[in-house]
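Single-structure report; data block below.
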């Protein structure tokens, strides 16, 4: 019998009560649910590529890609498909099972849709799951991407409805919810989460997760981002969030959305190994892999695999993309895990069974 129920009617008071639990109680509850649903030692790996960088007309205060802020970012045109495919091949060789493509747009133009759908088809033909984040989508655009075979669409809610206006004024909260509805209606999977550490209050972190958990269907993937402060953006000097509050956010997300993948997303470059380990225990089971997330730093692949080996974690090897035996970094980590398990006479670390 399951120790949890999948709900869509969480009150703010209930969510805030979870945040207020003693840390040990919160982690125990979150990890128990996580272990019941997922392999607790398996982490899904995604690679994120910026296919069009900078010059975004929006005013999101956290974003270095906004044309409104002087961050020194050089804008780039939409990448050629062959360049995207080269990056996708490298991602697959490094162990990624999902390839995410992001463009700094308010919304895609109709003239770009044939190009984008061709891009999806080509990447998907490699055996990778595909994801895009292109801004707001109309119902028609969502259907076009779905027909091309796009698996996931990312569109974050960013924060609570109450704090949202302090961060963004060029797009409403309802605009974001409408895009998520269009994505779901088209038959694609939803990737939606938010950013913490933007100067919000604890009740705003609760409000963000409440909104996500009370969607008609929970997001399939929930990225939790720690703000990466970029010089030139309005949030470049905001106070740092207590790392333990970040862990609490991961844990509450796992409790509220037990069947979703919770992604430890932006900000990992500045997180200690110990903090990341706590997040994995709290229920995070997905990461972005590679040295860059759109325009901000991310841990090197070798660093991630070293951490995986030390924690006894293994990359997910799902139906979409099986890591080839000669994929250097992941294969080496898997062999080391397996060797350590054999040395202890018990299969403590590596188990390739799905």
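All positions are counted from 1 along the displayed chain.
Cβ coordinates come from backbone N, Cα and C, glycine included.
Note that the coordinates shown come from a computational prediction; the quantities given were computed from them, not determined experimentally.
The following features are taken from Swiss-Prot:
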{"type": "BINDING", "residues": "56, 60, 63", "note": "[4Fe-4S] cluster binding site"}
{"type": "BINDING", "residues": "100, 131, 191, 263", "note": "[2Fe-2S] cluster binding site"}
{"type": "DOMAIN", "residues": "41-268", "note": "domain 'Radical SAM core'"}
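On a Cα basis, residue 131 ([2Fe-2S] cluster binding site) lies 20 Å away from residue 63 ([4Fe-4S] cluster binding site). Reduced to three states, the DSSP call for residue 63 ([4Fe-4S] cluster binding site) is coil. Ranking the binding-site residues 60, 100, 131 by how many Cβ atoms sit within 10 Å of each one's Cβ puts 100 at the top.
Taking the C-alpha positions, the distance from residue 191 ([2Fe-2S] cluster binding site) to residue 60 ([4Fe-4S] cluster binding site) comes to 19 Å. Here the C-alpha separation of residue 131 ([2Fe-2S] cluster binding site) and residue 56 ([4Fe-4S] cluster binding site) works out to 20 Å.
Counting only residues at least six positions away in the same chain, the Cβ atoms of 44, 46, 191, 193, 221, 222, 223, 224, 284, 286, 287, 288 sit under 8 Å from the Cβ of residue 263 ([2Fe-2S] cluster binding site).
Over all protein chains present, the Cβ of residue 63 ([4Fe-4S] cluster binding site) has 26 other Cβ atoms lying within 10 Å.
Around residue 191 ([2Fe-2S] cluster binding site), taking its Cβ as the centre, 28 other Cβ atoms fall within 10 Å, counting all chains.
Cβ neighbours within 10 Å of residue 56 ([4Fe-4S] cluster binding site), excluding its own Cβ and spanning all shown chains: 21.
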